[in-house]
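**Q** Submitted below is the structure of interest, expressed as structure tokens.
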Amino acid sequence: MNKLSVVILAAGKGTRMYSDLPKVLHKIAGKPMVKHVIDTAKKLSAAQIHLIYGHGADLLKQHLADEPVNWVFQSEQLGTGHAMQQAVPFFQDDENIVMLYGDVPLISKETLECLISQKPENGIALLTVNLDNPTGYGRVIRENGTVTAIVEQKDANPEQLKITEVNTGVMVSDGASFRKWLARLDNNNAQGEYYMTDVIGLANQDGFKVVAVQAKDLMEVEGVNNRLQLANLERHYQRKQVEKLLLAGVTFADPARFDLRGELTHGKDVEIDINVIIEGTVRLGNNVFIGAGCVLKNCTIADNVEIKPYSVIEDAIVGNNAKIGPFSRLRPGAELSENTHVGNFVEIKKAQIGKGSKVNHLTYIGDAEVGHHCNIGAGVITCNYDGANKFKTLIGDNVFVGSDSQLVAPLTIASGATIGAGTTVTKDVQENELVITRVPQRHISNWQRPKRK
């Protein structure tokens, strides 16, 4: 098998997006379009990924800083052929070169593998598609079934405009052939540009075969020029993801109201209500229920967990049989053991909650360790920040913390301790102690309320 490299054209401005952001950085499923294409190139085990860039160079490099791409600058956007010419110095003669586009994000590894497998020796394999309305696309010209040329819309005659088979722009040939044909391109056309499609005619002139492979899924080769097209591809992508999950046994209250912006793995009997968003890498165990409006990002959820509506979980771990929400927030570093309860308007950050413990109402637990079978009352705050540094709160097992208490870190509360409601704790608490700092209650008889003047 020949070595393979990929060229991704990503230099365009995207005027019709009406945005300062380069077009290829607009997102599908929470990921820049060009990143989808790069990920597909990686799946092909490409030896090199050449990224042709121009407009928005700094933003592109910022967003793709961790990607293994060869940055190839195109100072002027003079057509697809001109873009490919910039990458020619990096081609090896005996490698296959696949040409892709940063604004065609849903092209699949399987489709490209099929295309590559059909490439004739020293020839070209071209990805095409039949459209009911081919307006705007380059028409595929055939003679006796053989592809002889591609004519762009603005250069086509009336008979050619009737053709419904169109060029997707995706093609593969070897490095030596591309180098030879790209050197012979001219811009003698209505646009004054160097068309990559002209290499089809050059290949025929040289007696080399051009094979057309039809894409099975039209949406794989749909490009994005405006936000309507972007939204259509987003919905198509989400439908495909939901179909896979449904067939794998996940129940959705409404498949049209779910967004997957990453990777979801799951056990059996998972149920997901409406308007749930999954981001990053999320792992769900068996018998997990996710209520309406929840957002889960980079988290692991064990078996028999109930996540009630409008809870947000990010970079957290949740143990078996936990109950979360509604309106709970688990921030990075939150770890809930089995049989824990975290209730409404509770925020937990960088803290471990022991098995059987409950934090049910209006509470902030940050930079803390809470032992087993504790009860943290409503309105409790771990005061972990002094304006410059963070400090930790350690709570043992079987601790009861009364409502509206403040735990000023650094602080240790030993097992079995009880903190009375309304207490501000500033010193360590020993085992089985009761701590209370409440102001003494006063009773004033025959109190007269103030009267309005």
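Any Cβ shown, glycine's included, is placed from N, Cα and C.
Features from Swiss-Prot:
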type: ACT_SITE; residues: HIS361; note: active site, proton acceptor
type: BINDING; residues: 9-12, LYS23, GLN74, 79-80, 101-103, GLY138, GLU152, ASN167, ASN225, ARG331, LYS349, TYR364, ASN375; note: UDP-N-acetyl-alpha-D-glucosamine binding site
type: BINDING; residues: ASP103, ASN225; note: Mg(2+) binding site
type: BINDING; residues: ALA378, ASN384, TYR385, SER403, ALA421, ARG438; note: acetyl-CoA binding site
type: REGION; residues: 1-227; note: region 'Pyrophosphorylase'
type: REGION; residues: 228-248; note: region 'Linker'
type: REGION; residues: 249-453; note: region 'N-acetyltransferase'
**Q** List only the single closest residue to ASN375 (UDP-N-acetyl-alpha-D-glucosamine binding site), chosen from the binding-site residues ASP103, TYR385, SER403, ALA421 by CA-CA distance.
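**A** Given the candidates ASP103, TYR385, SER403, ALA421, the nearest one is SER403.
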**Q** Which of the binding-site residues ALA378, ASN384, ALA421 has its Cα nearest to the Cα of LEU9 (UDP-N-acetyl-alpha-D-glucosamine binding site)?
**A** ASN384
**Q** If you draw a 10 Å sphere around the Cβ of the residue listed as 'active site, proton acceptor', how many other Cβ atoms fall inside it, taking every protein chain shown into account?
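**A** Taking all protein chains shown, the residue listed as 'active site, proton acceptor' has 16 Cβ neighbours within 10 Å.
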**Q** Among all chains shown, work out which of the binding-site residues GLY12, GLY79, GLY102 has the most CB atoms within 10 A of its CB.
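**A** Within the set of binding-site residues, the most crowded position is GLY102.
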**Q** Any same-chain residues 6+ apart from GLU152 (UDP-N-acetyl-alpha-D-glucosamine binding site) with CB under 8 Å of its CB? Would you list them in sequence order, or say none?
**A** GLY138, ASN189, ALA190, GLN191, TYR195, THR197
**Q** Could you state the whole-number distance in Å separating the C-alpha atoms of SER403 (acetyl-CoA binding site) and ASP103 (Mg(2+) binding site)?
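**A** For SER403 (acetyl-CoA binding site) versus ASP103 (Mg(2+) binding site), the Cα atoms are 55 Å apart.
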**Q** Please report the Cα separation of ARG331 (UDP-N-acetyl-alpha-D-glucosamine binding site) and ASN225 (Mg(2+) binding site) in Å, rounded to an integer.
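**A** So the alpha carbons of ARG331 (UDP-N-acetyl-alpha-D-glucosamine binding site) and ASN225 (Mg(2+) binding site) sit roughly 37 Å from each other.
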**Q** Could you give the maximum C-alpha to C-alpha distance in Å for the residues ALA378, ASN384, TYR385, SER403, ALA421, ARG438 that bind acetyl-CoA per the record?
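**A** Among the residues the record ties to acetyl-CoA, max Cα distance equals 23 Å.
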**Q** If you measure from the Cα of HIS361 (active site, proton acceptor), which of the binding-site residues GLY12, ALA378, TYR385, ARG438 is the nearest?
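**A** Result for HIS361 (active site, proton acceptor): the nearest of the binding-site residues is ALA378.
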**Q** Please give me the CB contact count at 10 A for ALA421 (acetyl-CoA binding site), counting all chains in the structure.
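**A** Within a 10 Å radius of the Cβ of ALA421 (acetyl-CoA binding site) lie 15 other Cβ atoms.
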**Q** What is the total of other Cβ atoms whose distance to the Cβ of ARG438 (acetyl-CoA binding site) is within 10 Å?
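**A** Excluding its own Cβ, the number within 10 Å is 11.
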